[in-house]
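Annotation comment: TrEMBL describes 9-218 as domain 'YjeF N-terminal'. Sequence annotations record features per position, and here TrEMBL assigns (6S)-NADPHX binding site to 58-62, 131-137, ASP160, GLY326, HIS377, ASP441. Here TrEMBL flags ASN59, ASP127, SER163 as K(+) binding site. Positions annotated as domain 'YjeF C-terminal' by TrEMBL: 228-500. The feature AMP binding site is assigned by TrEMBL to LYS412, GLY413, ALA414, HIS415, THR416, GLY440.
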Amino acid sequence: MKILSAKQLAEADKISIKKQGITSEELMERAASLVFEEIHHRLENRPIPIKIFCGIGNNGGDGLVIARKLMEHDYKVKVYIVNYSNKRSEDFLSNYDKLKALSKGWPVQLKGENDLPELNKGDFVVDSIFGIGLNRPIEGWMAKLVNHINQSGAFILSVDMPSGLFPDQAQEKNAAIVKADYTLSFQAPKIAFFLPETMDYVGNLQILDIGLDREFIGTLESNHFLITSEYARAIYKTRNKNTHKGDYGNVLIAGGSYGKIGSVMLTATAALRTGTGLCSLFIPECGYEIIQTGLPEAMVLTDSDSKMITEFPVEFEADAICFGMGVGTDEKSISALRNMLEHTRNPVVIDADGLNILSMKNELMELLPENSILTPHPGELKRLIGEWKDDFEMLDKVKAFSKKYKVILVVKGAHTCTVQNDSVMINNSGNPGMATAGSGDVLSGVITSLLGQSYEPISAAVLAVYLHGAAGDIAAKEFGFESLLARDIANNIGRAIRQLFNEP
Ligand SMILES: NC(=O)C1=CN([C@@H]2O[C@H](COP(=O)(O)OP(=O)(O)OC[C@H]3O[C@@H](n4cnc5c(N)ncnc54)[C@H](OP(=O)(O)O)[C@@H]3O)[C@@H](O)[C@H]2O)[C@@H](O)CC1
Ligand SMILES: Nc1ncnc2c1ncn2[C@@H]1O[C@H](COP(=O)(O)OP(=O)(O)O)[C@@H](O)[C@H]1O
Ligand SMILES: [K+]
């Protein structure tokens, strides 16, 4: 699903109005009615105090429509108009008239900090102050209003955008932004919903299809995509009956050191659970019995060193190689990575200490086969690309890095971003239960497995990230967030694949 900018969405609004022969007020009625229906569906006429904060632009206009609809259904509604200027939009004004005609009292006018209304824990607040028209940070008394709403303890539903949040540009430090519990956003996701510095403002996210022109949206160019289950399903390759293990890839996972053999075991488990036909590990000698006992499906090659990798079995003909988990950064292990890179032409997967080695020995970057996949978490990423001042600069730097070295970066996080050149694929599956040791090792195993099964490198990365998160979600249903282990993610990859086809 395309992630669109505020400018593109405003354009899509205009084109749709023209093509569908409707007025912008009718489009507003349509969009806001969908929000009303979501609220009505959940509240089921419960007498909860609903407090709607409306700006005076079109986002405020949405709020007025929502208020009218709720009043028509006998909800307890109070409307506050946030007068941030005297330029009320046309559609705001016509809905203001409609609301006045329906309600007995006038909406409460807010004009300064003395007007902040009383809010209580049990209130249901609708934030319809600013949407995609925000063009500068919220300041002055309105910033106080935003903090007042945030501190009230009320349930907060934001319409289209949490007010104060820019859809597609960096935020000032300590900006006043509504911290929503739930955001109902129109038509397309906005990138700020998924980036580390701003995702917390959004709460639960739901995108409402307000029926903007599909053909026009199809023509819009975007470098940013949200990975959906439909997309993952389209990438996935089904299996033929007439096949054997040789058809599903022979992968080699090199990693581990004394005390960190578990990491490679997790990677190999994940690779096998993702369908790898033949899985071999290259590990220091100390891990031999551990792997042979713990994972009998895997084959094991050992280094001459008992505690760390110091070489690489360059004669091994693998369909995909993964290097790095638990390796450490000893000079001898650095030469093992160099050895591997000097003898490999196919794309490889580099994770964990493999990445740290690349940061230390920049010249090794030049040896990476084209379309290799690097899987840094934010700490490893900083070592690779340096510091960044905000998420947008981070994405720019990652894109530049991807272009410079012709590699794919999987920037891990709550919404993992897979970056190739200028394109960013954002993942929405997964949960905080996956913030546990070894879950990144599992991801590398899934990527390597798909790479070995002849998926294009970018497809392997994107599908793996999606399945890894979906498997984590299935595991979390069984164990809860706290109890989830990395191995549970690996063990649920099969269920995640079946879920793509709606099989429980
Ligand atoms: N178009 C359609 O058909 C549909 C649109 N829809 C809805 O419209 C929303 C977009 O509406 P919008 O364009 O009126 O912008 P909105 O977010 O209400 O802001 C209004 C004005 O605020 C001002 N302003 C900005 N920042 C400020 C600040 N920090 N402090 C003070 N003032 C500030 C700025 O005016 P300025 O003062 O700069 O002239 C700006 O123009 C969209 O999110 C969706 O909810 C849906 O109904 C679907 C159909
Ligand atoms: N809150 C979260 N929501 C979704 N996914 C998460 C969350 N926290 C962690 N993950 C996922 O778990 C993995 C953690 O990887 P990493 O930090 O490398 O762990 P480790 O080094 O312990 O293996 C990543 O794939 C990341 O996307
Ligand atoms: K809003």
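Cβ coordinates are placed from backbone N, Cα and C, and glycine is handled just like the others.
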Taking Cα-Cα distance, which of the binding-site residues ASP127, LEU134, HIS377 are within 10 Å of THR416 (AMP binding site)?
HIS377
What Cα-Cα separation, expressed in whole Å, is found between GLY413 (AMP binding site) and ASN59 (K(+) binding site)?
31
Binding-site residues whose CB lies under 6 angstroms from ligand 1, from ASP127, LEU134, GLY413, HIS415:
LEU134
With an 8 Å cut-off on Cβ-Cβ distance and a minimum sequence separation of at least 6, pull the same-chain contacts of GLY60 ((6S)-NADPHX binding site), or say none.
CYS54, ILE81, VAL82, SER89, PHE92, SER128, ILE129
Looking at the binding-site residues GLY60, HIS377, ALA414, GLY440, which have a C-beta within less than 6 Å of some atom in ligand 2?
HIS377, ALA414, GLY440
Could you check which of the binding-site residues ASN58, ILE132, ARG136 is the closest Cα neighbour of ALA414 (AMP binding site)?
ILE132
Excluding near sequence neighbours, so keeping only residues 6 or more apart in the same chain, what lies with its CB under 8 A of ASP62 ((6S)-NADPHX binding site)?
MET28, ALA31, ALA32, VAL35, SER128, GLY131, VAL159, ASP160
Could you tell me the maximum Cα-Cα distance in Å between the residues recorded as binding AMP, namely LYS412, GLY413, ALA414, HIS415, THR416, GLY440, rounded to a whole number?
13
Cβ-based neighbourhood (8 Å from the centroid) of the K(+) site, residues ASN59, ASP127, SER163 excluded:
PHE53, GLY55, GLY60, GLY63, SER128, ILE129, PHE130, GLY131, SER158, VAL159, ASP160, MET161, PRO162, GLY164, VAL178
Work through the binding-site residues one by one (HIS377, HIS415) and point out the residue whose CB has the fewest other CB atoms within 10 angstroms.
HIS377
CB < 6 Å to ligand 3, subset of binding-site residues ASP127, SER163, THR416, seq order -> ASP127, SER163
Other CB atoms within 10 A, centred on LYS412 (AMP binding site):
24
ASN58 ((6S)-NADPHX binding site) and LYS412 (AMP binding site), compared by Cα position, are separated in whole Å by 36
If I take the Cα of SER163 (K(+) binding site) as reference, which of the binding-site residues ILE132, ARG136, HIS377, HIS415 has the closest Cα?
ILE132
Confidence over the domain 'YjeF N-terminal' (9-218), expressed as mean pLDDT on the 0 to 100 scale, is 97
